[in-house]
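Below you'll find the structure, written out as structure tokens, and then a few comments.
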Amino acid sequence: MEPPRGPPASGAEPSRAVGTVKVYLPNKQRTVVTVRDGMSVYDSLDKALKVRGLNQDCCVVYRLIKGRKTVTAWDTAIAPLDGEELIVEVLEDVPLTMHNFVRKTFFSLAFCDFCLKFLFHGFRCQTCGYKFHQHCSSKVPTVCVDMSTNRRQFYHSIQDLSGGSRQQEVPSNLSVNELLTPQGPSPFTQQRDQEHFSFPAPANPPLQRIRSTSTPNVHMVSTTAPMDSSLMQFTAQSFSTDAAGRGGDGAPRGSPSPASVSSGRKSPHSKLPAEQRERKSLADEKKKVKNLGYRDSGYYWEVPPSEVQLLKRIGTGSFGTVFRGRWHGDVAVKVLKVAQPTAEQAQAFKNEMQVLRKTRHVNILLFMGFMTRPGFAIITQWCEGSSLYHHLHVADTRFDMVQLIDVARQTAQGMDYLHAKNIIHRDLKSNNIFLHEGLTVKIGDFGLATVKTRWSGAQPLEQPSGSVLWMAAEVIRMQDPNPYSFQSDVYAYGVVLYELMTGSLPYSHIGSRDQIIFMVGRGYLSPDLSKIFSNCPKAMRRLLTDCLKFQREERPLFPQILATIELLQRSLPKIERSASEPSLHRTQADELPACLLSAARLVP
């Protein structure tokens with residue numbers, strides 16, 4: 001016989017406390033309860049279980065005697081157990097889980113499930129759907145119920161009830177569909193009690209849309225209509241009666257034996273139509289998610305060549321030709337110099353595009369898409385302004401020192417962003433820095449390690465590529481397997497600073513390209529710092545010298561460079577604009593009475 005699950009029918013009042021019992025609860029929790037004469041284990045643990053969202057119907061209690069667990073009935077008197085230890089475990093049939101809280105902003109109308117007040121910023125359990133304010137978190141039970149798992153348990157429970165072998169008394173006015181859906185006001189509905197845990201109702205909505213955030217795509221659970229607590233208690237009781245009773249080995253009551261399962265439940269082939277429909281819909285939803293999830297993300301960024309119109313050739317660089325084009329507006333299309341790309345090159349190029357498509361910064365040219373047919377091409381925003389090289393060395397634009405320092409700051413800011421994204425430019429120079437709409441710096445032609453590497457078949461060759469004047473010594477020597485680093489970009493930035501602070505290119509007195517490569521690679525040649533403008537601040541001169549160091553370990557990184565320039569900008573003297581005041585356009589004499597003026601003239 002199974003021990004009774006309810007409280008003992010005793011009218012005796014509990015007497016004084018006689019001791020304590022230590023109780024180990026689920027989820028690695030523990031408590032100490034007071035032992036009183038005339039009280040049972042059921043009564044003593046009632047409060048400790050309810051504050052944790054549990055009840056006696058879904059748990060089993062053991063006595064811990066010499067390290068071994070012995071099942072104990074709930075109606076056992078607590079007084080003889082003074083000084084002992086009890087263990088409470090959740091029945092295996094009851095699918096209780098831990099909460100999965102996420103911070104959420106509720107843009108639709110929502111209310112806290114505890115204080116019932118309006119909720120905008122709060123938390124939500126992805127498993128059971130409970131939502132609450134931060135200051136209401138102490139009222140949330142430590143365990144929750146996955147309602148999708150409960151629905152399957154409900155189906156099996158009702159199927160067993162309809163089999164006749166272990167029938168329970170089901171309320172006659174409730175059908176199967178009514179049992180599985182939230183009920184409105186009825187004789188069985190109880191009002192929410194703040195001390196009792198009320199599970200949210202399963203709404204079973206269709207699969208939510210694929211969101212662009214990293215939040216898991218889970219079924220949203222509505223909590224507007226709380227589930228009838230009497231139904232939950234009834235179902236939990238049906239779970240507990242699924243067991244055939246504990247044997248002599250002290251097995252818990254809630255653990256059904258294989259014999260009891262096979263004798264009480266029907267064949268697995270005879271399933272309810274509702275359960276079959278649910279499993280079919282879940283399978284269809286999984287297929288939809290799989291089809292959407294495994295699509296290559298580059299699919300949405302590759303532009304068909306038929307949609308792009310090339311208008312005018314702008315110029316040719318080291319790695320490609322730039323055209324002005326039309327694709328939903330003016331764009332810049334750079335057709336890269338890659339003849340007959342191999343499969344390895346194509347895959348490496350697409351991998352780089354997945355990195356570049358995530359770049360968004362005010363000082364970086366906006367990446368808009370790419371093309372792989374008939375050749376590699378990159379589509380970026382169109383910049384109306386000219387390059388920094390054109391301003392300094394062709395148009396001979398005159399900038400004051402404050403403007404030059406601001407251009408240097410914006411360039412360092414854009415490079416700092418690229419390095420934070422682990423993108424090495426590899427070809428930073430004044431030709432790839434554009435002044436857009438005034439003095440807004442836009443850095444282009446960044447990344448593209450696939451295109452900027454010499455290939456021999458499927459293997460990259462270790463040869464220097466790029467513009468000689470902006471190459472660091474280690475890039476020219478090519479002694480390392482991969483000489484390109486953050487510090488090599490810093491050296492190129494130092495040459496750009498040299499152009500800004502002198503208005504000329506380095507090594508202009510040497511006409512041989514091979515001689516420049518040899519002498520810079522050996523460390524015999526460096527930019528002439530005597531040409532720097534006389535009004536250049538000393539801090540900028542020191543920064544330029546540090547960026548052009550021969551040893552790359554001695555060069556600063558862009559976070560330090562940016563901080564130095566920003567500090568320099570704040571220290572520069574500025575002409576503060578005076579506050580505007582009205583001008584009366586009259587002299588002080590106009591305000592004096594005429595009699596006073598005549599009297600003043602008579603005074604000797």
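Using the three backbone atoms N, Cα and C, a Cβ is placed for every residue, glycine included.
Residues annotated as zinc finger in Swiss-Prot: 98-144. For HIS99, CYS125, CYS128, CYS144, the entry in Swiss-Prot reads Zn(2+) 1 binding site. What Swiss-Prot lists as Zn(2+) 2 binding site is CYS112, CYS115, HIS133, CYS136, and the listing cites similarity to another entry. According to Swiss-Prot, the feature phosphoserine maps to SER157, SER162, SER186, SER255, SER267, an assignment based on similarity to another entry. For 178-222, 241-287, the entry in Swiss-Prot reads region 'Disordered'. Swiss-Prot lists THR181, THR316 with the feature phosphothreonine. The feature compositional bias 'Polar residues' is assigned by Swiss-Prot to 210-222. For 252-265, the entry in Swiss-Prot reads compositional bias 'Low complexity'. Per Swiss-Prot, compositional bias 'Basic and acidic residues' is recorded for 272-287. Taken from Swiss-Prot, the feature domain 'Protein kinase' covers 308-568, and the record attributes it to sequence analysis. According to Swiss-Prot, the feature active site, proton acceptor maps to ASP427.
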Sort the recorded positions CYS112, CYS115, CYS136, THR316 by C-alpha distance from CYS128 (Zn(2+) 1 binding site) and give me just the closest.
CYS112
Which numbers of helix, strand and coil residues does DSSP report for the zinc finger (98-144)?
6 helix, 17 strand, 24 coil
Sort the recorded positions HIS99, CYS125, THR316 by C-alpha distance from CYS112 (Zn(2+) 2 binding site) and give me just the closest.
CYS125
Integer average pLDDT (0 to 100) for the zinc finger (98-144)
83
My understanding is the cutoff is Cβ-Cβ under 8 Å with a sequence separation of 6 or more in the same chain; which residues meet that for THR316 (phosphothreonine)?
VAL322
One should report the C-alpha separation between HIS99 (Zn(2+) 1 binding site) and CYS136 (Zn(2+) 2 binding site), rounded to whole angstrom, as 15
Around HIS99 (Zn(2+) 1 binding site), how many other CB atoms lie within 10 A of its CB?
18
For HIS133 (Zn(2+) 2 binding site) and CYS125 (Zn(2+) 1 binding site), the CA-to-CA distance in whole Å is 12
Using C-alpha atoms, which one of the recorded positions CYS115, CYS136, ASP427 comes nearest to CYS125 (Zn(2+) 1 binding site)?
CYS136
Within a 10 Å radius around the Cβ, which one of these binding-site residues has the most neighbouring Cβ atoms: CYS112, CYS115, CYS125, CYS128, CYS136?
CYS128
CA pair CYS136 (Zn(2+) 2 binding site) / ASP427 (active site, proton acceptor), Å rounded to integer, equals 56
